[in-house]
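A short write-up of the structure that comes next.
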Amino acid sequence: MQSCESSGDSADDPLSRGLRRRGQPRVVVIGAGLAGLAAAKALLEQGFTDVTVLEASSHIGGRVQSVKLGHATFELGATWIHGSHGNPIYHLAEANGLLEETTDGERSVGRISLYSKNGVACYLTNHGRRIPKDVVEEFSDLYNEVYNLTQEFFRHDKPVNAESQNSVGVFTREEVRNRIRNDPDDPEATKRLKLAMIQQYLKVESCESSSHSMDEVSLSAFGEWTEIPGAHHIIPSGFMRVVELLAEGIPAHVIQLGKPVRCIHWDQASARPRGPEIEPRGEGDHNHDTGEGGQGGEEPRGGRWDEDEQWSVVVECEDCELIPADHVIVTVSLGVLKRQYTSFFRPGLPTEKVAAIHRLGIGTTDKIFLEFEEPFWGPECNSLQFVWEDEAESHTLTYPPELWYRKICGFDVLYPPERYGHVLSGWICGEEALVMEKCDDEAVAEICTEMLRQFTGNPNIPKPRRILRSAWGSNPYFRGSYSYTQVGSSGADVEKLAKPLPYTESSKTAPMQVLFSGEATHRKYYSTTHGALLSGQREAARLIEMYRDLFQQGT
């Protein structure tokens, strides 16, 4: 897009007046994750020249975090490309040679599934026993049948019996238990094992949905999340390579690192003719959750505008710089919005959007990597899954803080060892993950080693030589891993979260001042990397289309 001229002299709205003076709209993107980079790149490719990306942390990538240890790359954040057919992340990775060559058989398997017979997942009890393979397969088939039923409530508009039953966890637990108890062929001992396995599978589901518990995931909305067909893939060189490819077309000066935002002052033009409508702040009014750059009661300092200029939005940064803009694309996580929405936007958000932020869910899923000198597991083993026999009748997935380790569902074996060494990757989610994040490495390594000894029945397992783990819940720039539709929410809330501000159209009010993207704003693909990327492109497309309609290209 070249510099723009109004298509009619009568246009006197704020955007038209600004463009007559400047020729280009100014867009500020908050966040340099997949959504933010995708939005910035799309705008730049369409000729927008006044684009700035503000990233709070010291690096781009957001919830993509690839860590190099020795010759191997480990993913603390996004790990898999979920599906291939029409997945923009997959096509970007494939076009740039980032994917491994796989056989047809490997393509059909995709990533290791804990719910299938592919590979050898070792299900172990806290008494040091391995659950027989036939019992695991029977339970897996049963669980999959019930899992498919959970999809039908949304897809076939099936009514939920009661609001208290509008929970994936409650429905699944009760349905699977009833089928196990009513099976005339299983002896009581086998039934007890299968009943205990329910909780383990629900822990895995909770990790995959990034909820504290599947009891908190809406049954009526669960089936709206859409899986892209095709195999799941990892990127051996690291998921950050996708981020780097996105950033390649973005000039270095566009992205500012270490630049946390304190507040977005929007609807400025309709409130006063010029200058930022920013009230002085005291200590009590300062938002303390936006990182270390906070300046307390320090007065904001002037930003990048002429005093005679008029801007709809002013972005106030933690270093007190004020950046005026025509449009701001907000890509911060739902966790950050939940924690900071009251102080992050002035004026405050509309009631409808606040309600959507409250209703939608986001939790923490963390990984624990343990590296050993030698493997203590067999070459055929692809994972060690932990089944607590005393949880056969349990109705909760919440544990006291001192028992946080019970939420670890198991450890996957990273393959091949030639690439990773002898490494196990553990999974934990929810409030228990937050407790784990507060522990030091030594304590977590010790507890995990004791669990491995207990469940394998091998007291001689040594402590790992190295531990690496994520901490998404306590990171002030994320406050969680990814979103889900919580009980009481629906896809309509995702749409409300994504709706640009202001809601009303007026000749005195500039449109699309604040736009929202990020995985939590994609109705079908929330929680995924492709959902994040597509949401960034979606918001860029809104602006591209608006300026295409409002203005003709200049020469």
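Using the three backbone atoms N, Cα and C, a Cβ is placed for every residue, glycine included.
Keep in mind that this is a model prediction, so the values were computed, not measured.
Pulled from Swiss-Prot:
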type: BINDING; residues: A35, E55, R63, T79, W80, V261, E519, T528, T529; note: FAD binding site
type: REGION; residues: 271-306; note: region 'Disordered'
type: COMPBIAS; residues: 274-291; note: compositional bias 'Basic and acidic residues'
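All protein chains shown were included, and the count of other CB atoms within 10 Å of the CB of R63 (FAD binding site) stands at 24.
Residues within less than 8 Å, Cβ to Cβ, of T529 (FAD binding site) and separated from it by at least 6 positions along the same chain comprise L34, V64, A78, I81, H82, I89, F239, V242, E519. It is A35 that, of the binding-site residues A35, W80, E519, has its Cβ surrounded by the most other Cβ atoms within 10 Å. According to DSSP, W80 (FAD binding site) is assigned to coil rather than to any helix or strand. According to DSSP, E519 (FAD binding site) is assigned to a helical segment.
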